[in-house]
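Okay, so here's the structure we're looking at.
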Amino acid sequence: MPTINQLIRKERKKVVKKTKSPALVECPQRRGVCTRVYTTTPKKPNSALRKVAKVRLTSKFEVISYIPGEGHNLQEHSIVLVRGGRVKDLPGVKYHIVRGALDTAGVNKRTVSRSKYGTKKAKATDNKKK
């Protein structure tokens, strides 16, 4: 433990918090252009074809982003909105594409957790008899 004189001579170092999504540059989301849309396989215990896209952000970073949900309409040159959030079983994927924003369509026939997948509420059919 330092003495008061030691603290006067040299103050304590501030702990700098390292961001987990540096490409967003202090912003909640960033716009970007898809440069490549492809599938990749996850790490060892899991097995699937995960849909990902390489995105060139407005902050000049080129990042790999995960496309959540079943099915998508993205292709090269699509304009997308990217948020932070990693995918645990895909190394190097630290960003998610926001569904239902800009060129990205929402997930079709989604009934639960719709806000996460950009799906509008389905029209209520009149099944009740009056």
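Every residue gets a Cβ built from N, Cα and C, even glycine.
Note on the compositional bias 'Basic residues' (111-122): DSSP counts are 4 helix, 0 strand, 8 coil. Residues or ranges marked as compositional bias 'Basic residues' by Swiss-Prot: 111-122.
Shown in sequence order, PRO42, LYS43, ASN46, ARG50 are the residues of the chain, 6+ apart in sequence, with a C-beta less than 8 angstroms from the C-beta of ASP89 (3-methylthioaspartic acid). What Swiss-Prot records for ASP89 is 3-methylthioaspartic acid.
Per Swiss-Prot, the feature region 'Disordered' maps to 110-130.
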